[in-house]
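According to Swiss-Prot, the protein has these features:
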type	residues	note
REGION	1-37	region 'Disordered'
COMPBIAS	8-17	compositional bias 'Gly residues'
REPEAT	37-79	repeat 'WD 1'
REPEAT	84-114	repeat 'WD 2'
REPEAT	125-157	repeat 'WD 3'
REPEAT	168-206	repeat 'WD 4'
REPEAT	215-255	repeat 'WD 5'
REPEAT	271-301	repeat 'WD 6'
REPEAT	310-346	repeat 'WD 7'
Amino acid sequence: MSLFSTPGGFGTGGGSMFGSTATDNHNPMKDIEVTSPPDDSISCLSFSPPTLPGNFLIAGSWANDVRCWEVQDNGQTIPKAQQMHTGPVLDVCWSDDGSKVFTASCDKTAKMWDLNSNQSIQIAQHDAPIKTVHWVKAPNYSCIMTGSWDKSLKFWDTRSPNPLLTLQLPERCYCADVVYPMAVVATAERGLIVYQLENQPSEFRRIDSPLKHQHRCVAIFKDKQNKPTGFALGSIEGRVAIHYINPPNPAKDNFTFKCHRSNGTNTTAPQDIYAVNGIAFHPVHGTLATVGSDGRFSFWDKDARTKLKTSEQLDQPISACSFNHNGNIFAYSSSYDWSKGHEFYNPQKKNYIFLRNAAEELKPRNKK
C-alpha cells in the first residue's frame, strides 16, 4: 500500500538513475534530476523525517505550489501529490511523525497538508506574507511556529484558529530554524534573536549580528551530545558566520568565512560576491553545505575550518538545499533567485531539483 492515496500526483515519466550523464551546463555535476520539477523558482526543499520508511522530498515554489516526490533507493523519483496556495510558497516543513507537511505562503496563510488523505487546510494567518514555518515538538506540547513580514512570530495549535502565543519581532522575519529546545530567528536590519522553547516559548537572547549585510539563511547545529549549541548564519555578501550560544571562548570559537565568491581577490581585480541562499547541516557528520547565487554548492567542516568540496558552476543560482534524514542524499534546486533583478529573469529557463549521493563527500577529513 502506498503511503499516499494518489499514486501519480503530477507530471509524467520517471527519474534517471544515480550516475546519469549530463549534456549541458544546467547539470555539470551529473547529479540525478528530480522528475516534474516546479514551473517557477523553487524557494524551499525538505526531506521527510526518519519516522517514515523511505525518503520523500517536498518542494515549494513561486508557482504557488507544493510538490511531493518519493525518492527510491536507486535514485528514481516518483511524483506523489501536489497542493496549491494562492501566492508563492516560501517555506515548508514536516511533522515529526511524517504524516503532515506544513506550508507558508505570500498569501499570508500557512496550511497543514495531510499526505494520507491529500487534504490541505489553513492553520495560520498573518497580516503579511509568512516567510518561515517550523514544527515544534516538545515533551509537553507540539505546535507550529510561523515567522512573518508583519514583524511577528506566532505559535499555533493546528486544531485552533487563534495563535497560542504571539511574540513581536524587531523587524520582518527573513529566516529561522528550530531544533528543540532552541529556535533562532533572523530579521531585516540584521536582527538576531534566540528563543528557548521549553515549557513555553520565550525570548532567550538578542545577539549583535556577526555579519554586516542582510541575513539570508540560518541553520542550527548540534554538539557531540546531539544538543543544539549554535547556528550558522548566511548573508547576501557571500559570508557565513558560525556562532555558538555559550562558547568557552567567544573570540576564538565564533568566526565568519567567505564563500560563494568568484574572480578577483584584491582591489585591482574586484571579486564577484553572491548571496548565500541556503545552509544545511549533515545529520550524521555535523559538516555543512552552503548553496549560493553563484550557482555552486560547497561542503565545509566548521570544526576543522576547512572546505571539503565546491561544485562546478551551474548555469543559474542554487536557491535551496536539504539533506535526507541519514545524510546519504543531498538535494539542491537550480532556479533564478532574482538576485540580479527582473532584467536577468528568463521565463524560458527551466527549474531543476538535483539529488546527489552525499555519504562520502561530507565526512570530515582525517587529521594528519
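Counting begins at 1 with the first residue displayed.
Positions of Cβ are set from backbone N, Cα and C atoms, glycine also.
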Folded-back contacts onto the repeat 'WD 4' (168-206), same chain, C-beta under 8 angstroms, at least six residues removed: 128, 131-132, 134-138, 140, 145, 147-153, 155, 212-220, 222, 228, 231, 233, 245
Tally of DSSP helical, extended and coil residues in the repeat 'WD 7' (310-346): 3 helix, 13 strand, 21 coil
Positions whose Cβ lies under 8 angstroms from the repeat 'WD 5' (215-255), at least six residues beyond its ends: 174-182, 184-188, 190-192, 194, 205, 207, 209, 261, 271, 273-281, 286, 288, 290, 292, 294, 300, 302, 305, 339
For the repeat 'WD 6' (271-301), distant same-chain residues with Cβ under 8 A (at least six beyond the ends): 216-222, 232-240, 257, 259-265, 307-323, 325-327, 330, 332, 334, 337, 339, 358, 361-365
Helix, strand and coil residues within the repeat 'WD 3' (125-157) as assigned by DSSP: 0 helix, 21 strand, 12 coil
